[in-house]
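Annotation source TrEMBL lists domain 'tRNA(Ile)-lysidine/2-thiocytidine synthase N-terminal' at 53-241. The ATP binding site annotation in TrEMBL covers Gly56, Ala57, Ser58, Asp62, Ile88, Gly166, Asp171. Residues or ranges marked as domain 'Cytoplasmic tRNA 2-thiolation protein 1 C-terminal' by TrEMBL: 281-310.
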Amino acid sequence: MPRLCEICQNSKAVLRRPKTAQRICKQCFYHVFETEVHNTIVDNQLFRRGDRVGIGASGGKDSTVLAYVMKTLNERHNYGLDLYLLSIDEGIAGYRDDSLETVKRNKEQYSLPLLIVSYEQLYGWSMDSIVEAVGRKNNCTFCGVFRRQALDRGALMLDLDHIVTGHNADDVAETILMNIFRGDLPRLGRCTEIATAGDGYIVRSKPFKYAYEKEIVMYAYFKKLDYFSTECTYSPNAYRGYAREFLKDLEAVRPSAILDIIYSGEAMQVAQDVQMPVAAQCERCGYISSNRVCKACTLLEGLERGVPKLGIARSAKASLEGVPDVAKRGGRTVERVHFDKLWENARRMRLERSENNTDVCTGSACAGVCNAQNTGSLTNM
Ligand SMILES: [Zn+2]
Ligand SMILES: [Zn+2]
């Protein structure tokens, strides 16, 4: 006799849930997976009605499932969010160009507007050309720094209130372990937060913070979602690789290990005497930075002046002393739009929208009768 689903006791159990080891049916799996994400959103009050939310979309499994689930929950629970797909084109031939094709199909499949911003367009350098200049060793540093700022730039171009990313529980647990192994307390404090707001940044959050990677893969598989599964062609982050393997070993012995690490990370308090970086503005591009010049500007200056090691941790001694400036070398620079300008544009777009009165309440409770800006947070759904 086939085993019945442990939740509905009705349908045939077809899978064992990685998080709880329950044997359940497909419908119940969809239900528990989606409901847990909904609970994460509501419990943490991630959004407010009328928020313009960008889904950081790479075409990979996490962000594809996130786009699908965000759209589903927004409709099912009437969050009242305006959803957008926001993609970064790092300029990696044979990897990102293919995954962006997936995002373009997702745009049609989910009927969501899509904005793609590229490193080439923003910085004048694609990752392919950066790797040509710096080699394969440190290129992830460039990519990570540039991506963070590119997402903020894209978000301001769309005048978003909020960016959601597909980081899952495994990613968060790995990051906690890495920060412990490195003794990086400021980062340890921040990496467990579900949403980071900080002054000057667009709010970013991780609705999949408690969702297991294995369940995301399972969800994508059963729902037959269209995603791209190739790994980045450039060197993977070796240190994270070790943390990942270690975590997988722990999970194999005890599946709750992933959540337990996250709960432990959340409960840890950063001691008062740990010095936290103070935020200020980069004097060149206006981005938030704890230094006079932000990391992206430092890395770019190194690239432009042919000293690519500038700004990379282990080569702090690299300096520009005696290096002629770009014009003299015949090098190139790209005029980057200052963040003040981006903020100003975003504010103007917002004003225009409110004058056209497009952001009025569409809540099911009042059926639009109140005709008011509705900014209630999603706590009572
Ligand atoms: Zn069931
Ligand atoms: Zn800067």
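The backbone N, Cα and C atoms fix where each Cβ goes, and this holds for glycine too.
It is Asp62 that, of the binding-site residues Asp62, Asp171, has its Cβ surrounded by the most other Cβ atoms within 10 Å.
Sequence-distant neighbours of Ile88 (ATP binding site) (same chain, six or more apart, CB under 8 Å from its CB) are Gly56, Ser58, Ile116, Val117, Ser118, Tyr119, Arg147, Ala150, Leu151, Gly154, listed in sequence order.
In sequence order, Gly56, Ser58, Gly60, Lys61, Asp62, Ser63, Thr64, Val65, Leu66, Lys206, Phe208, Ile216 are the residues of the chain that are 6 or more apart from Gly166 (ATP binding site) and have a CB within less than 8 Å of its CB. All protein chains included, Ser58 (ATP binding site) registers 22 other Cβ atoms within 10 Å of its own Cβ. Across the domain 'Cytoplasmic tRNA 2-thiolation protein 1 C-terminal' (281-310), DSSP classifies residues as 10 helix, 3 strand, 17 coil. In the three-state DSSP scheme, Ile88 (ATP binding site) falls into the strand class. Counted over every protein chain shown, other Cβ atoms within 10 Å are most numerous around Ala57 among the binding-site residues Gly56, Ala57.
Looking only at the domain 'Cytoplasmic tRNA 2-thiolation protein 1 C-terminal' (281-310), the predicted model's pLDDT averages out at 88.
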